[in-house]
Amino acid sequence: MKLTCVLIIAVLFLTASQLITADYSRDKQEYGAERLRDAMGKFKGSRSCGHSGAGCYTRPCCPGLHCSGGHAGGLCV
């Protein structure tokens, strides 16, 4: 009986803390889409030019590098 009461109180406490936290953070992400877009720009796959050793089939090599092996499967060197 005591264990059941302790479990019920623990569940009520955790539920209340989740509801309080959810209500507090509701308006905190006003510019979430902008932050996501800025973070996506930092990924390796979204760079505008191919760095040394990168493939040059889908994007051009960065300045100072050239495509070795042709555009059908070459690498930026």
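Yeah, the Cβs are placed from backbone N, Cα and C, and that goes for glycine too.
Quick look at what Swiss-Prot annotates:
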DISULFID  CYS49-CYS62  disulfide bond
DISULFID  CYS56-CYS67  disulfide bond
DISULFID  CYS61-CYS76  disulfide bond
SIGNAL    1-22  signal peptide
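CYS49 (disulfide bond) falls within neither a helix nor a strand when secondary structure is assigned with DSSP, and so counts as coil. For CYS62 (disulfide bond), the count of additional Cβ atoms within 10 Å of its Cβ stands at 14 [all protein chains shown].
Among the disulfide-bonded residues listed (CYS56, CYS61, CYS67, CYS76), CYS61 has its Cα nearest to the Cα of CYS49 (disulfide bond).
CYS76 (disulfide bond): 21 other CB atoms within 10 A of its CB, across all protein chains.
For the disulfide-bonded residues given as CYS49, CYS61, the lowest number of other CB atoms within 10 Å of the residue's CB is seen at CYS49. Ranking the disulfide-bonded residues CYS56, CYS67 by other CB atoms within 10 A of the CB puts CYS67 at the bottom. Secondary structure from DSSP puts CYS56 (disulfide bond) in coil.
In this structure, the CA atom of CYS61 (disulfide bond) is 7 Å away from the CA atom of CYS67 (disulfide bond).
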